[in-house]
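> Quick paste of what TrEMBL says about this protein:
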{"type": "TRANSMEM", "residues": "35-55", "note": "transmembrane segment"}
{"type": "TRANSMEM", "residues": "67-86", "note": "transmembrane segment"}
{"type": "TRANSMEM", "residues": "92-110", "note": "transmembrane segment"}
{"type": "TRANSMEM", "residues": "169-188", "note": "transmembrane segment"}
{"type": "TRANSMEM", "residues": "200-222", "note": "transmembrane segment"}
{"type": "TRANSMEM", "residues": "234-252", "note": "transmembrane segment"}
{"type": "TRANSMEM", "residues": "307-329", "note": "transmembrane segment"}
{"type": "TRANSMEM", "residues": "418-443", "note": "transmembrane segment"}
{"type": "TRANSMEM", "residues": "455-476", "note": "transmembrane segment"}
{"type": "TRANSMEM", "residues": "513-531", "note": "transmembrane segment"}
{"type": "TRANSMEM", "residues": "538-556", "note": "transmembrane segment"}
{"type": "TRANSMEM", "residues": "562-586", "note": "transmembrane segment"}
Amino acid sequence: MVSSLDTIRIGHANGRHRRGTVGPAPPSDFETPTILVLSSVLICASAILTILSIIGLSELVPTAVRVALVVLTSVTLPGLPIASWLCLPRNGIFASVAVALSLASTLLLSQLSNVAGLHHPFAVQLLILGMATVPTVLLANRWRTHPSVPRASPGHSFLVGVRATLGRVSGYSIAMLAIALALFVAGVSDLDTGRSGATGLIGILGIKYIAGFALLCVVLAVEYSRTVIDKATLALSNVMLVMYMTMPVAWADRTAPFSTAYVHRYIADWIFDIGAMPPPVDARISWGGFFSGAAHLMSIGSLNDSAVFVTSASFFFGVLLIFPVYAIALALSGNARTAWLGVTVFVLFNWYQQDYFAPQAVAMQLYATILAVLIWQLRAARLPALHGGRFAGLTKPWSRLPGLVPGADYRWSLAMEVALVVLIAAMVVSHQLTPLVTIGALLAMSVLGVTRLKLLWLAALLIFAAWFTYGASAYWHGHLGELLHELGSVRSSLGVGVSNRIAGDPVYSNMQLLRIGAGVLLFAMAAVGLYRIRRTKFWLIAAALALQPFMLVVVQSYGGEVVIRCFLYASPVLAPLAAIALRSVLRLGTRGRRRRSGIILVTGVLLLILGLWGLTNRGLNTSFEHTDPAELAISEQLARQVAPGSVAFWGQGTLLGLPRGHDVGAACIEAGRDLAECTAETDASYLIVTRQDEKLLEYRYRVDHDAVARAIELLVSYYAFTPVYGSELVTVLERAGAKPVLLGIPQ
């Protein structure tokens, strides 16, 4: 008997599908055997590494190889063979689902095993490999036995695909990209993040870095202006754009670009060390899927420290987000040039810096993938018209049910729904805020009648409620009053998220206006793009998906970051809409050499301006968010010797390594009190003050270096604190009677 999925293959093999447009994709001579070989190799390699870790021989494999393997398998297994078995199209959907399902499997299984008190990472990994093996075997059997499926040898198919790709690549563009890469390396090598001030990163970037970035913008302008685009070169250029936008600080310092990453590192290492979920001393532990997943990768790779994942996380997650953003843009526009331009716009405006080693980065990947799948299905399926006028979609949309994706049946649709539920479940156990936005998006699609999965929002709500009630009970038991107080406090959320951030140092405050301007510009361009698609079936749902994240300001302030998160969640839709507007204005792809030269010039200048603007916005807080290696060393030594919750700090949590402490600075300054007095009133046994903390106090609260020095002196002379370490970068004080610590000794 032929299964429904085999039926999909048969139908497409007979030529009733144009790949990359609608419906499940047919197997090609290149893709099917290559995916089989890649899946098989990854399964075998991961199994070997897991067995070596079990028997204690993993050191036979170099650390770099182990890190690369566990990271690669975390985004490919079991998602890669499952996505191939589901016959997903190669328009961004295939890669998005493969990555998201793989991440979700690791996060969900590792978290559930830890919560259940069954911390067996090797068993979990073998289960994941088993989940990957089943579709791989089925896929291999279908490829080898079904006459409608091409049977070219894997090696031949791979070479044919590579030759076809290389044949379309422009040698000039590749040469310019190589030069841009060399200039990036030289620029990062010369970068001294310690010199950053109120203007942030843009004030210290050298001429080499700017020249390389300008050259990259030229390549992008040339490629977008071609009559026929080269997708391979555009993909490579956008990957390099992610690198230019996200990695100068981290790779210059060889540390995380945001110090909170080291708190996340500490929690992951804590789970790895004790083999269970830690006590809920930090709210993030109640949504510990990300940390359980990181600890799981550490176990199967015999890695003693999750710091190996920290430095390049922004580049890693930035590249992964290309897939769903491209898929969303392609579905909304129906044009590959516009889709790639949507990716570029997304990267240029992604200044929110939420792609570091954090639960938000993984949750964003899952959220964007869910949107991509549903918007793609909307494009592929027939949508019944609503009779009764132009705005009937506002009055009775729930009465319609979109058709199935062409070439698919109900069982395929059910399989996709199950896959989305898995993504939602993994998101729920990993992040507090993203599930709320997901529920809102799913509800909007259901109410507007643009999805067959009418009750998916309800399933998401039930999963969220179940986890919040039981899995995160420790959090809401201690914060229920705070949550209820913030509910509906829109003015408070906007005040903390916007008004408070444009106070302080005059130069720094004026630079913050650039961020606000970028948000306004993105919305304006998206509005033009929305107008351009006003006669399509996407206009209403695109508007809803772009606006509904901003309902979060009604729910809570999220530590003053809710406005930033609103823009973050809206950006996978705002960026493609903005790209639709830009393409129409720039007339990209126009024939004629003279006209094309003018388009290249205008496009290149525009991309350079937007890029420098984006670098300015993203790197504005570099002076107090980057991590100096010397500070990291002292903070790690302190973290190893003291108990969580025993350290006070005056910055934004620059204690690199502890999930909980006494954040004295902001509340004390806002109350108009003295820092020394506020610190002495806590039960903290230690105080750490770094150069980054001092700059944060100066730029955000207008507390200068002399005021900080006086507060430290007062703690020593009046409140019985003793200096135990001091340098230009870090000062550590110890309260009388506290456990002595030894700092500054090479480890």
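Glycine residues also receive a Cβ, built from the backbone N, Cα and C atoms like all the rest.
Values in this document were obtained by computation on a predicted structure and should not be read as measured data.
Please situate the listed features within the shown structure.
Sequence-distant neighbours of the transmembrane segment (67-86) (same chain, 6+ residues past either end, Cβ-Cβ under 8 Å): 5, 24, 31-32, 35-36, 38-39, 42-43, 45-46, 49, 61, 94-95, 97-103, 105-106, 128-129, 131-132, 135-136, 138-139, 293, 297, 300-301, 303, 308-309, 316, 320, 412, 415-416, 419.
If you look at the transmembrane segment (92-110), the same-chain residues 6 or more away from its ends with a CB under 8 A from one of its CBs are 25, 73-80, 82-84, 86, 121, 124, 127-128, 131, 289-290, 292-293, 295-297, 320, 323-328, 330, 339, 362, 365-366, 368-370, 372-373, 376, 419, 422-423, 425-427, 429-430.
Residues 173-174, 177, 180-181, 184, 187-189, 191-193, 201, 205, 209, 212-213, 216, 219-220, 223-224, 311-312, 314-315, 318-319, 322, 340, 343-344, 347-348, 350, 355, 611, 614-615, 618-619, 622, 626 of the same chain sit 6 or more residues outside the transmembrane segment (234-252) yet have a Cβ under 8 Å from a Cβ within it.
Outside the transmembrane segment (307-329) by six or more residues, the chain places 63, 67, 71, 75, 91-93, 95-96, 99-100, 235, 238-239, 242-243, 245-247, 250-251, 254-257, 261-262, 265, 294, 297, 338-343, 346-347, 350, 353, 355-358, 361-362, 364-365, 368-369, 371-373, 375-376, 572-573, 575-576, 579 with a CB less than 8 A from a CB of the stretch.
Residues 224, 321, 324-325, 328-329, 332-333, 335, 337-339, 341-346, 349-350, 352, 354, 360, 364, 367-368, 371-372, 433-434, 437, 493-494, 496-498, 519, 522-523, 525-530, 532-533, 542, 545-547, 549-550, 552-553, 555-556, 599, 602-603, 606 of the same chain lie 6 or more positions beyond the ends of the transmembrane segment (562-586) yet place their CB under 8 Å from a CB of it.
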> At a C-beta cut-off of under 8 Å, are there same-chain residues at least 6 beyond the transmembrane segment (455-476) that contact it? List them, or none.
115, 280, 283, 286-287, 417, 420-421, 424-425, 428-429, 432, 435-436, 438-439, 442-443, 445-446, 483
